[in-house]
């Protein structure tokens, strides 16, 4: 839909947006297409491999790997919500997305991202119970409890997404229908409305800040107790193994929370969309690609399980 000549979209119902994406000519777009495709393929293959290996190998049927499998599933969905449309737009001149398609993309993107924040906190709690209270661990982290924790993470993500989506897409978009981004995100959408967005920004910063600060505190407290417990251990080998396992999770947590905080949980985030696009590439594609590598390359159990699966496949 082309904007009316007076530049006001409020006179007609808004049916579609235009995702402007990144600036540049055909060569730049082709280069970006190749980069996005490479990141997306590696993310899909890596996360699918983690899901398959954890599902098929009985040695990995424990709470830690149950949560890790769910993290891989979230990363797979997270990148798949964004990448296919972005890849299509790199090769298209119109770059159009319908109003309903934009709202749907925004809803699932917000839900998956928030769910991942909660799940990373749950994974920290799981490690806290396993290391600091090993005798209570089999009872505390019973399979039904683990399932409830994952379900609770999804419920929290869904609740935040419903609020964010309803607040954002109830606004009148009248300045333009061109989104200065490669997907439907809250910050560039707020720039298109002619209404007062103070409440929307307050809700966004409040909810995102509460979620990020709350889950980060849970992670820090859990790993504070874990660190003290590990330092009290007399076995150097056991201490190294635990630090290695927890180090993978802390790396994933730092990458995810750091980039999300830069983008959503501080007021200066709305001022620089070009920088925001680069940050968005990092947490929508780079982190989902890195997480399987972080957990597999630094985890002996996963590497052994992958080796057993390959040997079994070759033998058959």
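Each Cβ is built from the backbone N, Cα and C atoms, and glycine gets one as well.
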> Which one of 12-29, 66-83 shows up in TrEMBL as transmembrane segment?
Replying inline: 66-83
> Counting only residues 6+ away from its ends, which parts of the chain sit with a Cβ under 8 Å from the transmembrane segment (103-123)?
Replying inline: 64, 67-68, 70-71, 74-75, 77-78, 81-82, 85, 97, 149-150, 152-154, 156-158, 160-162, 164-165, 168-169, 183-186, 189, 211-212, 214-216, 218-219, 249, 252-253, 256-257, 260, 283-284
> What average pLDDT is reported by the model for the domain 'G-protein coupled receptors family 1 profile' (46-295)?
Replying inline: 86
>> Can you tell me which parts of the same chain pack against the transmembrane segment (30-54), counting only residues 6+ beyond its ends and a CB-CB cutoff under 8 A?
In response: 21-22, 24, 60-61, 65-66, 68-69, 72-73, 75-76, 79-80, 83-84, 86-87, 90-91, 281, 285-286, 288-289, 291-293, 295-296, 302, 305-306, 309
> Which bits of the chain, at least 6 residues beyond where the transmembrane segment (202-226) starts or stops, bring a Cβ under 8 A of a Cβ in it?
Replying inline: 114, 117-118, 120-121, 124-125, 127-128, 131-132, 156, 160, 163-164, 167, 186, 242, 246, 250, 253, 257, 260-261, 264-267
>> Are there residues at least six beyond either end of the transmembrane segment (278-297) with Cβ under 8 Å to its Cβ atoms? List them, or say none.
In response: 36, 39-40, 42-43, 46-47, 49-50, 68, 71-72, 75-76, 78-79, 82-83, 109, 113, 181-183, 185, 248, 251-252, 255-256, 259-260, 262-263, 303, 306
